[in-house]
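> So TrEMBL lists the following for this protein:
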type	residues	note
DOMAIN	25-421	domain 'Major facilitator superfamily (MFS) profile'
TRANSMEM	30-54	transmembrane segment
TRANSMEM	66-83	transmembrane segment
TRANSMEM	90-109	transmembrane segment
TRANSMEM	115-140	transmembrane segment
TRANSMEM	152-173	transmembrane segment
TRANSMEM	179-198	transmembrane segment
TRANSMEM	219-244	transmembrane segment
TRANSMEM	264-281	transmembrane segment
TRANSMEM	293-314	transmembrane segment
TRANSMEM	334-359	transmembrane segment
TRANSMEM	366-385	transmembrane segment
TRANSMEM	397-416	transmembrane segment
Amino acid sequence: MIISLPLEIFASWVWKKSCMTIWKVKLSLFLNYFIFAILLNCVGTVILEVINHYQITKSQAGTLDAYKDITIAVFSFVVAAYLPRLGYKTSMLLGLALIGVACFLTPLINQMWMIRLLLVSVGVGIALMKVCVYSTIGLITKNEREHASFTSLLEGVFMVGVLSGYWIFGFFINSPRTSWLDAFWLIGALAALAFLLLASTRIDEQQIHSKQQSPKKDFIEMIGLIRFSLVITFVISIFAYVFIEQGISTWLPTFNNKVLHLNQTMSIEIASILSATYALGRLTAGFLLKKIHWLNLLIVCIAVSGLMILLLLPHGHHPRSTLIALWKDAPWKAYIFPLVGFFLAPIYPTLCSTVLSALPKNRHSAMMGLIMIFSALGGTLGSKLTGVEFGRLGGHYALSLSLIPLALLFLLLFFYHRQRKEQLSGVLE
């Protein structure tokens, strides 16, 4: 009795410390993802600003996404399979350090080439961060349901970061004492804070280190996933989804400015409604997925999204002599159209979770590498084509392009569901 009491106290202390460590890891992942959400989705704001600040064309501005997305694709392809060997924590620290330095240099240099270099740095950083964050989820969750729940919550935080980014840039643009470039000082400071938090947090990576193979085998294993029809259908679906999301989110501020005739600050701030609906949609999906099958949820989401894009995009061009500066004067479609984000939101995290939660933990980074590659390619093509068509045909027709990959995604869902049922156990062996 005398001996058992200290043992119980010690066991209780170890358990509490373990819980605190897990929550510190989760807090670190939330903050890391929040920061990269601001940077990853600031391109729409940056495009609007550089068009006016550096006097470049819409087609030229449309290539900015490529600096970020192609970097993500190439870097993910090269290093994703090796990140377990380097360590998830070390990789995330490198990503935070890189984007922190780039953010501090951007307002100091104030040149177009620095904007491009910043986006390349963001591409490298997000490739490191997203692979490691998603892979770390498998280390700190116990089962498939917990994995899906935390993934949805994390993606919800990501969209809160996107929403915050619109308001952060809107504040600096609207203030007569600051420039839009000054927003990067704040983001750099957040990156430094995140670096310190992660550096002081312990992450148990023993599960991935104990199953390591040679670097060559790790890389071949990642590429080898492509040979499965299930994985091919999955990555095409991810490509189609990101094409849609990036095309709409990147060009919505410019759409608000050029088509709906809102001023620059209003264009950015009202576009934040899209991010808010994304956040709400993903948090809501985390609850709904406990009650209904994921396929049924995604079918409804895609169908409603298509109807909203088809019916709510304003037709024609109606010139105005002055730009709208007040929320009360904005057309009602400026508020309603961003609600499409609520229905698009659950698609990406749900598809990713259906694959990752069933994979062995030491293969999560390899699968995330493929996801990152095809996401980056989809984002680049979506942004570029939307930009080209925006300048050629106008904003309405440019955003309507998203109906094509949306229809493709709807059809692919049924193939993916059938292949998953038939082949998933074989893919994971």
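Cβ coordinates are placed from backbone N, Cα and C, and glycine is handled just like the others.
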> At a C-beta cut-off of under 8 Å, are there same-chain residues at least 6 beyond the transmembrane segment (66-83) that contact it? List them, or none.
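Sequence-remote neighbours of the transmembrane segment (66-83) are 40, 43, 91, 116, 119-120, 122-124, 126-128, 131-132, 135, 215, 218-219, 221-222, 246, 365-366, 368-370, 372-377, 379-380, 383-384.
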> Can you tell me which recorded stretch out of 30-54, 90-109, 152-173, 264-281, 397-416 has the most Cβ pairs within less than 8 Å of the transmembrane segment (179-198)?
90-109
> Grab the pLDDT values for the domain 'Major facilitator superfamily (MFS) profile' (25-421) and give me their mean, rounded.
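Summing pLDDT over the domain 'Major facilitator superfamily (MFS) profile' (25-421) and dividing by its length gives 83.
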> Look over the recorded stretches 30-54, 115-140, 264-281, 334-359, 397-416 and say which has the most C-beta pairs under 8 A to the transmembrane segment (152-173).
30-54
> Below 8 Å between Cβ atoms, which of the listed ranges 30-54, 90-109, 293-314, 397-416 makes the most pairs with the transmembrane segment (264-281)?
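Top-ranked stretch among 30-54, 90-109, 293-314, 397-416: 30-54.
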> Please give the sequence-distant neighbours of the transmembrane segment (397-416): residues at least 6 beyond its ends with Cβ less than 8 Å from one of its Cβ atoms.
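Contacts with the transmembrane segment (397-416): 230, 233-234, 236-237, 240-241, 243-244, 247-248, 251-252, 255, 295, 298-299, 302-303, 305-306, 309-310, 313, 347, 351, 382, 385-387, 389-390.
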> Go through the chain and flag residues at least 6 beyond the ends of the transmembrane segment (90-109) whose CB is under 8 A from any CB in it; none is fine as an answer.
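Result: 32, 35-36, 39, 83, 115, 117-118, 121-122, 124-129, 131-133, 179, 181-182, 184-185, 187-188, 191-192, 194-195, 198-199.
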